[in-house]
Amino acid sequence: MVNRPRSMLLAASLGAVLSFGQTGVVTPNSMLEGTRVPPQAEPPKPVLSPETRGDILMARKMYREAIEAFAEGSPKDAVLRNKTGIAYHQLMQLDSARKCYEQAVKLKPDYHEAINNLGTIWYAKKSYRRAVSQYKKAIKLAPDSASIHSNLGTAYFARKEFEPAMEEFRVALQLDPNVFEHHSSYGVMLQERSVQDRAKFHYSMAALYAQGGRSELALQYLRKALEEGFHERKKLDSDPAFASLRELPEFKQLLTLEPRVL
């Protein structure tokens, strides 16, 4: 065996390294080339049902587009007919809305939400007697619905039947203490919020909240009543509903203020 000088061996090794470097550079990427996992295709997006698409459009207040979306579903689907009615209702196309609600009830006679919504149509048309009739039918099917009791109370209030109105409002508050504070979501049932004598309505609500020990809301509604022109200010000193509030500084301040009528 020939003994080569140490310097020659180092040179040969270095030459091999340099030669390899010139013919094929090893990089981290090239080393992983054979182990890469090909990118996977994105899973297909779920196809939304006509009802879901319609609900999204309703939330965006795109009511005409929602009507078109709901129409792609089954014409025998009571929920879709009811929701289509709500969309027409928001467009103030009351006759079209009424027809849809009636179709929903025909498809599902115990559909209390659609029956309630029929009541809101008659209320909007100022046919309060018919509104009361529909709300009563709905309550028979859903006696624990705070919204329907609230609507019935509002219809009684419009007919100036204040005692039954207040009773319905009391029942509504017992079922849902925040029923009058909810913001409508346009789901399947509408809650009527419009009243002609807003000053008297808000005074009545203030009395109910005061009797229920909810002083903050009572004061808020009382202020609203005064701002909307409630003229029977002397009642504030004598109405037993406000007995628990009379010593509060906020209540005393309301008695001295002359709020600007909105």
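Placed from the backbone N, Cα and C atoms, the Cβ positions cover glycine too.
Here is what TrEMBL records for this protein:
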SIGNAL    1-21  signal peptide
REPEAT    78-111  repeat 'TPR'
REPEAT    112-145  repeat 'TPR'
REPEAT    146-179  repeat 'TPR'
Reported mean pLDDT - the repeat 'TPR' (112-145): 97
Tally of residues which DSSP labels helix, strand or coil - the repeat 'TPR' (112-145): 27 helix, 0 strand, 7 coil
